[in-house]
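To start, the structure under review is shown below, and the notes come after it.
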Amino acid sequence: MTAPLIDPFQRAISYLRVSVTDRCDFRCVYCMSENMTFLPKKELLTLEELDRMCSTFVRLGVEKLRITGGEPLVRRNIMHFFHGMKRHLDSGDLKELTLTTNGSQLARFSQDLYAAGVRRVNVSLDTLDETKFADITRWGRLPQVLKGIDAAQAAGLRIKINVVALKGFNEDELFDIVEWCKSRDMDLTFIEVMPMGDIGNEDRLDQYWKLSDLRRTLAEEYTLTELTERTGGPARYVRLEETGQKIGFITPLTHNFCESCNRVRLTCTGELYMCLGQEDMADLRAPLRNTPNDDAPLEAAIREAITRKPKGHDFDYSRQTVDGRMSRHMSHTGG
Ligand code: SAM
Ligand code: SF4
């Protein structure tokens, strides 16, 4: 049997997030600049290479794959890749195949995603106001996303809404969003904004809405019960006693999750990031391309990379400068 991936801190790596494209049909202000330069196509892993890469990780013990981007559903023929991954679900080696999407293409692809074995989808949506939605995503249109969510639910996909908490932007919609998710039986998670990319530092600090503050506001209306549930990631959960809803909080800037971190991230160019908050990475594209008929060098490169998984990350907002901020974009690493 192949030995599983265990890092130097005895954490088993069972979760791979894969960015399948750096392109997107939106330009969210906290994620991309308006005139992004995208990677030349030849830099990207082909769909066949993505399949080989993911299959190798599955062979090494990865049980959960999350497909992300950029916007994963704008990658040409991406459904071909999803249908390919279904064989790992069918064999039982892969326990879950999911994606994170802005929802713009869900009306088109939901049924196909379900057919490929996807059961849960994270949809990123920061506001229910059409004008604000157009502002924050620059190119996005809310009705299109809402239609996508309808289609996804009709196809049988369970939806989780991911909301980036932004001071002065969606603070006033907190309760509306909670109630909307309740009325549609969707899960909900709030995400603290992270210092990624090169979009004006100050703007981001201005927009930084601490989730502890958000929680306190929530507690003014609801009784919050802390849940012990852990997913190996940065999410923490509470239950709203009055509605029974489970609400997640992702605070990647605190160090409360590194010790149980079970995940690594693959970029669309085949770079493996062992930690979201650190620059260290391993190039897996070279071993993949150099030996098309032999996965041994790729496996060795993955194992070597995992020995370099750091204990934790270095984000720090505490001194009002974004120390430890990363130069790469979320759309490259995958959120
Ligand atoms: N395009 C897809 C989407 O928006 O869901 C997938 C990729 S996107 C990079 C993944 C997630 O990262 C989204 O939920 C997005 O809101 C989040 N994100 C992007 N930039 C962020 C930032 N600077 N801080 C916190 N979350 C961010
Ligand atoms: Fe696109 Fe997602 Fe980034 Fe928004 S957050 S620009 S939808 S990749």
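Positions of Cβ are set from backbone N, Cα and C atoms, glycine also.
Look at TrEMBL and you will find 8-234 tagged as domain 'Radical SAM core'.
Per TrEMBL, GTP binding site is recorded for Arg17, Arg66, Thr100, Lys160, Arg263, Val264, Arg265. Under the three-state DSSP scheme, Lys160 (GTP binding site) falls in the strand class. Listed in sequence order, the residues of the same chain lying 6 or more apart from Lys160 (GTP binding site) and placing their CB within less than 8 Å of its CB are Arg120, Val121, Asn122, Val123, Met186, Asp187, Leu188, Thr189, Gly248.
The Cβ of Cys31 ([4Fe-4S] cluster 1 binding site) has 24 other Cβ atoms within 10 Å, all protein chains considered. The [4Fe-4S] cluster 1 binding site annotation in TrEMBL covers Cys24, Cys28, Cys31.
Sequence annotations record features per position, and here TrEMBL assigns S-adenosyl-L-methionine binding site to Tyr30, Gly70, Ser124, Met194.
What TrEMBL lists as [4Fe-4S] cluster 2 binding site is Cys258, Cys261, Cys275. Under 8 Å, Cβ to Cβ, and six or more positions away along its own chain, Cys258 ([4Fe-4S] cluster 2 binding site) finds Cys275, Lys311, Gly312, His313. Cys258 ([4Fe-4S] cluster 2 binding site) carries a helical DSSP state (H, G or I).
TrEMBL lists 312-335 with the feature region 'Disordered'.
Of the chain residues outside the [4Fe-4S] cluster 2 site list Cys258, Cys261, Cys275, Phe257, Glu259, Leu276, Gly277, Lys309, Pro310, Lys311, Gly312, His313 have their Cβ within 8 Å of the site's Cβ mean position. Across the annotated binding residues for S-adenosyl-L-methionine (Tyr30, Gly70, Ser124, Met194), the two most widely spaced Cα atoms sit 16 Å apart.
Candidate binding-site residues: Tyr30, Thr100, Cys258, Cys261. Not one of them has a Cβ under 6 Å from ligand 2. The binding-site residues listed here are Gly70, Cys261, Arg263, Arg265; among them, Gly70 has the most other Cβ atoms within 10 Å of its own Cβ. Distance noted between the C-alpha atoms of Tyr30 (S-adenosyl-L-methionine binding site) and Cys24 ([4Fe-4S] cluster 1 binding site) is 14 Å. A sphere of 10 angstroms centred on the C-beta of Met194 (S-adenosyl-L-methionine binding site) encloses 24 other C-beta atoms.
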